[in-house]
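Undergrad: From Swiss-Prot, here are the annotated features:
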SIGNAL    1-30  signal peptide
DISULFID  41-100  disulfide bond
DISULFID  55-148  disulfide bond
DISULFID  57-73  disulfide bond
DISULFID  72-130  disulfide bond
DISULFID  79-123  disulfide bond
DISULFID  89-116  disulfide bond
DISULFID  109-121  disulfide bond
């Protein structure tokens, strides 16, 4: 019987370790740094109020949003889906430029963005403006996931 090449053994070990590590990683919130900055600029609520809100403002799907604010996040997710399927964008890892006047509903995505960056920026812009007009219900923050079936 032939001995296994040490380099192959090393690669096999690395793959096994990475698979074991990946299986223990809990689902992560979406990479939404620019969206967080838009919220921070236009709203006096803290970002943490919107993380883990309802069914759509977290990394889970649902049949029905729990309220208007959750509908804003549902629309953003649908916009991101369109960005991927129609435009080939990667909205969860994409950085873009935008301008904002602090605590105003004046957000501008027209900077020197590519078509994808501009599209994703406008997904976040629309969601941010929607959130500004939606009522925040603290009972929908950190809700039981069973409500999102």
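For all residues, glycine too, the Cβ spot is worked out from N, Cα and C.
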Undergrad: Using the alpha carbons only, what distance in Å do you get between residue 109 (disulfide bond) and residue 72 (disulfide bond) once rounded?
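TA: That comes out at 18 Å between the alpha carbons.
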Undergrad: Can you see whether DSSP assigns residue 121 (disulfide bond) to helix, strand or coil?
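TA: In the DSSP reduction, residue 121 (disulfide bond) maps to helix.
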Undergrad: Counting across all protein chains shown, how many other Cβ atoms sit within 10 Å of the Cβ of residue 41 (disulfide bond)?
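TA: Here the count is 17.
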Undergrad: Which one is it, among the disulfide-bonded residues 55, 89, 100, 121, 148, that lies nearest to residue 73 (disulfide bond) by Cα separation?
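TA: Comparing Cα positions, the closest of these disulfide-bonded residues turns out to be 55.
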Undergrad: Find the one among the disulfide-bonded residues 89, 116, 130 whose C-alpha lies closest to that of residue 148 (disulfide bond).
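TA: The smallest Cα gap between residue 148 (disulfide bond) and any of the disulfide-bonded residues is with 130.
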Undergrad: Roughly how many Å separate the Cα of residue 130 (disulfide bond) from that of residue 116 (disulfide bond), to the nearest whole number?
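TA: Residue 130 (disulfide bond) to residue 116 (disulfide bond), Cα-Cα distance: 21 Å.
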Undergrad: In Å, rounded, how far does the Cα of residue 116 (disulfide bond) sit from the Cα of residue 100 (disulfide bond)?
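TA: A Cα-Cα distance of 20 Å.
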Undergrad: Looking only at C-alpha atoms, tell me how far residue 89 (disulfide bond) is from residue 79 (disulfide bond), rounded to the nearest Å.
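TA: With distance taken Cα to Cα, residue 79 (disulfide bond) is 11 Å from residue 89 (disulfide bond).
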Undergrad: Near the Cβ of residue 148 (disulfide bond), how many other Cβ atoms are there if near means within 10 Å?
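TA: I count 18 other Cβ atoms within 10 Å of it.
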Undergrad: On a C-alpha basis, identify the one among 72, 100, 121 that is nearest to residue 57 (disulfide bond); the candidates are the disulfide-bonded residues.
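TA: Result: the closest of the disulfide-bonded residues to residue 57 (disulfide bond) is 72.
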Undergrad: Which one of these disulfide-bonded residues, 116, 121, 123, has the sparsest Cβ neighbourhood, judged by other Cβ atoms within 10 angstroms?
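TA: 116, out of the disulfide-bonded residues 116, 121, 123, has the fewest neighbouring Cβ atoms within 10 Å.
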